[in-house]
Amino acid sequence: MAEILLTSVINKSVEIAGNLLIQEGKRLYWLKEDIDWLQREMRHIRSYVDNAKAKEAGGDSRVKNLLKDIQELAGDVEDLLDDFLPKIQQSNKFNYCLKRSSFADEFAMEIEKIKRRVVDIDRIRKTYNIIDTDNNNDDCVLLDRRRLFLHADETEIIGLDDDFNMLQAKLLNQDLHYGVVSIVGMPGLGKTTLAKKLYRLIRDQFECSGLVYVSQQPRASEILLDIAKQIGLTEQKMKENLEDNLRSLLKIKRYVFLLDDIWDVEIWDDLKLVLPECDSKVGSRIIITSRNSNVGRYIGGESSLHALQPLESEKSFELFTKKIFNFDDNNSWANASPDLVNIGRNIVGRCGGIPLAIVVTAGMLRARERTEHAWNRVLESMGHKVQDGCAKVLALSYNDLPIASRPCFLYFGLYPEDHEIRAFDLINMWIAEKFIVVNSGNRREAEDLAEDVLNDLVSRNLIQLAKRTYNGRISSCRIHDLLHSLCVDLAKESNFFHTAHDAFGDPGNVARLRRITFYSDNVMIEFFRSNPKLEKLRVLFCFAKDPSIFSHMAYFDFKLLHTLVVVMSQSFQAYVTIPSKFGNMTCLRYLRLEGNICGKLPNSIVKLTRLETIDIDRRSLIQPPSGVWESKHLRHLCYRDYGQACNSCFSISSFYPNIYSLHPNNLQTLMWIPDKFFEPRLLHRLINLRKLGILGVSNSTVKMLSIFSPVLKALEVLKLSFSSDPSEQIKLSSYPHIAKLHLNVNRTMALNSQSFPPNLIKLTLANFTVDRYILAVLKTFPKLRKLKMFICKYNEEKMDLSGEANGYSFPQLEVLHIHSPNGLSEVTCTDDVSMPKLKKLLLTGFHCRISLSERLKKLSK
């Protein structure tokens, strides 16, 4: 934790020094010198923290107090800087003379106290012979590792082939008396990976299917609702009598369900009242995974058990080899010395045959030189046996991370287990916390540097890739439950963050909380009712169902809060009153509201001059305040619904931006802003805008976007929703960087070859009129990988997706989805050369004849 706090202090001191230099110039040279001194000293202390931690781990108990002193010092300095920066900005706003202001004198006095503490710490570390390692690995530029995992197989089952074949045969055996298969074993053996691969292979042979993560604190009602949604139970039946309606449907269906990670039998006692027995008469199946054999035995009986075992040595080394070299090659070790191979085998041996430990260790070694010396150091750090399963291996991989990446990894522990986390959220929260900063001379954006960190974590196999974007970048990710536990344990030990269950206790400890996450309504409300002192709180995560969370927040100022995330999971829409005290969160940089809620952000939000991200989920009807544009640090304003609901969020004329009050250099995302509140000529000022979504697009906006020289040179994603048919022809061919385009119109709108950017990767057309000429244009796009056409009218009776005379027919297309086309009598594609790289074909809502080649028929199943 000490090194994390020190890094945060260094980054914040860089920011403050920059602000002083820009805003106050030479008048405050003495104050800037103090800030620069802080930065230098914190870097110096950080350089020997790792050495001190190694001595502590080696049994030198005297160092423990030194590390505690360093952590307290770093925390106090961070508090001082967080308190100081808003005062600089406020003073500059009202043209006060900062040099004569009282808070500047107070700051100077606090710096003197810190100097005395730094002298004491440096004296003690010399006494204990703690070496300055000058380790600046956090400042190194992480390589973009995207190429290492873009095409990786996400369902590796190396060493589990026999298990897979045996279970597949069992699940498809029509004579199976009781259709439950229980995959059990210790954490990290690959139970979930194996179960998912089985489930995905056989689910098409059943009438309905569902995959549910159960977890340590399950709720039967939520699990049943999840199953009901996946099998297509109507919304009315889910609301009226979920249990009875679900059971009635499943009685007449042949189903397969995967219930992942069941911890105890109580939850099964609740579920089995609704799930009909899986007997041989109907042929339904249930796959469960559990780390407890007794759970599997209770649910499916002795015959259901399939216990996974650690991998044998050769299979372990095969998995290690695949992960080290990133491809299957029997000659991978041909150029390696016999000693290096032997060290590699010894490293694998210390992993105890546990796939997760092997994969994580390989990820760590990939980031190092492939030399005997480098690998030997890892081997020596692993001890002589596997301790606590693979816990030591995982902790070693954490310590091997660059210092700047460690808090980014720990952030995954703030989310519930098995939560799918958007890369956009992680990246912008890391930036808000100043874990990621752009050094002078670096022309890349902070978001790009943060993405490098995320790529590195995935490359090291610490994080699991869940989804990719249209262009192959990370869209969302997950963390294995063992690594999630590691995050929580490390965070608690170092006071980086606390979960709700360990937040209660000594008031002094509660007052020092910097980050806290709640997964439970009851615990959260009880905690807030205890009236805790939370003056140092930086991050608050609330995963809840009770909308009263907002009223409880009204009793706290949270003056140092950087990040606020509220995720509401209730099924009904709830009106919430967001307290005006939100305006007191002067340090707030990141605000995310998600869930079925409606309300209004208070006007006091405009006082939050450091706000960088406002992210409102598609189910939330949260009205933005007037003046939100004026935050000069605003980078992302996201409203994720493009329907009428989103339009109603902007029903205040005062939202209309003053074009001269904008600070456009930072703005990167404007998503689903109604055109009526959007002045087209401000587009010229948004020079760094990467993503833009506009509702009710007007002729003037179309005209501005369609000029010969692109008005938004950095634009990568464009989403336009038209409420009427524009008279202007949209022309986007001059935008070379737009890779994702979404066009939605309610009436006829003409398109031609000039309508599209030349380098499209993903295109979505909704409610458009399409003819064979436009289709012929789309077939020629050299980079188009995903094409979706929803409720589009086709001007002719037959849509032919076959190759053109020139041979072109979607050369790079991987996904094609056509839904509810109007006016068609036939869709055909019978040749074998069209769409050669297609992986997924979805033809839904069709009421016409479909003629496909045998290859395409298989892809459409």
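Note that Cβ sites are derived from N, Cα and C of the backbone, with glycine treated the same way.
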Range among 63-83, 84-104, 189-209 that Swiss-Prot annotates as coiled coil: 63-83
For the ATP site built from G185, M186, P187, G188, L189, G190, K191, T192, further residues of that chain with CB within 8 A of the site's CB center: T289, R291, L308, I354, P355, L356
CB contacts for G190 (ATP binding site) [other CB atoms within 10 A, all chains]: 25
Those residues of the chain, 6+ apart, with a Cβ under 8 Å from that of K191 (ATP binding site): I183, V184, G185, T289, S290, R291, L308
Candidate with sparsest Cβ neighbourhood (10 Å radius) among M186, L189, the listed binding-site residues: M186
Nonlocal residues around T192 (ATP binding site), in sequence order (Cβ under 8 Å, 6 or more apart): D260, D261, T289
Cβ neighbour count (within 10 Å, all chains shown) around G188 (ATP binding site): 28
Sparsest Cβ surroundings (other CB atoms within 10 Å) among the binding-site residues G185, P187: P187
